[in-house]
Amino acid sequence: MQSSNWPLLTPDEWGDIAEQFKIRLVKSLPSFFILQRPEATEQRFKMETLNQATNAYIDSWMGPRDTRVRGWFLLANFLPTFVLTLLYLSIVWIGPKYMKNKEPFSCRRVLVVYNIGLTLLSFYMFYELVTGAWEGGYNFFCQDTHSGGEADMKIVRVLWWYYFSKLIEFMDTFFFILRKNNHQITFLHVYHHATMPNIWWFVMNWVPCGHSYFGANLNSFIHVLMYSYYGLSAIPAVRPYLWWKKYITQGQLIQFVLTMFQTTCAVFRPCGFPMGWLYFQICYLISLIALFSNFYIQTYKKHGLSRRKEYQNGSAASLNGHSNGVSSLDNVTQRKLRKD
């Protein structure tokens, strides 16, 4: 079956664009900077050697990779994703210190565009995953990675976008830092943002379809609600009518429980999907359920009254430590510091 003609580039096309850009960049550089210089060549050789050593080590305990994603953008080597994560964590640590004596940035217009973009991307992924699973006759209880025909490749392409979106979502935290919403940079927030891209790099290289689709599908749906809420909450006239804030966190907890149930079903009704992945996912989901449950209890049970008062006064609370700063939990004094 043919996949729908959505106006998004495939991972192969992104890889080609990146390679062409690199070639043009090298050709445009003065001779002083060209990579053929002995020092640069040596550094490049060391980097390639490090990539090869890292890949060899990972492959030695993970086994053969899925050939369907060979050469896809960012998937050939683990180091780029890992280095981006280290850079993210460095900014999380340094950023608040840098902003300590500076005025917070508004970022409102940028955030509206950012939230709209992620809402549309999340809807695209949700729609394509639903239709792909339907076209491939996916079994809810267990689905291997090679029995869905052409629909499997549709799922693989969409899940690459899901992996890539987790790198984009690093911006959630950066907006916190720029707006000085440091109280929202919780352990839950950083843990979730830092682990997801790395986990999904492995998923994309070894189990890029089949049973892997379900959690991403639910998460994409939740993100449609979440990022649309963030975007709309930037409009003061609309903010009082945004009633679904509390239910997004509930939806995320339901998402994790459903994914846990589906993963457990595959353990007891095996279909060829690797057991190691199922056990790992169960452990990771337990950590998320524990952290999100604690956040929900702390936010909506113990402080429910104060949160409602803040909302009625015009401030929208953060969701699951995961919001990106369109709406702030800061007090009235700090909100006045922002020049919207």
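Cβ from N, Cα, C; glycine included.
TrEMBL annotations:
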- 72-95: transmembrane segment (TRANSMEM)
- 107-127: transmembrane segment (TRANSMEM)
- 160-178: transmembrane segment (TRANSMEM)
- 190-207: transmembrane segment (TRANSMEM)
- 253-270: transmembrane segment (TRANSMEM)
- 276-297: transmembrane segment (TRANSMEM)
- 315-340: region 'Disordered' (REGION)
- 315-334: compositional bias 'Polar residues' (COMPBIAS)
Remark   = In the same chain, residues at least 6 away from the ends of the transmembrane segment (160-178) whose Cβ sits under 8 Å of its Cβ atoms read 8, 11, 69, 72-75, 81, 84, 88, 91-92, 95-96, 99, 104-105, 107, 111, 114, 118, 121-122, 124-125, 184-185, 189-190, 193, 196-197, 200-201, 203-204, 208, 216, 219-220, 322-325
Request  = Could you pull out which residues elsewhere in the chain have a CB under 8 Å from any CB of the transmembrane segment (190-207), counting only those six or more residues past its ends?
outcome  = 62-63, 65-66, 69, 72, 74-75, 78, 81-82, 84-85, 88-89, 92, 145, 156, 159-160, 162-163, 166-167, 169-170, 172-173, 273-274, 277, 284, 287-288, 291, 321-322
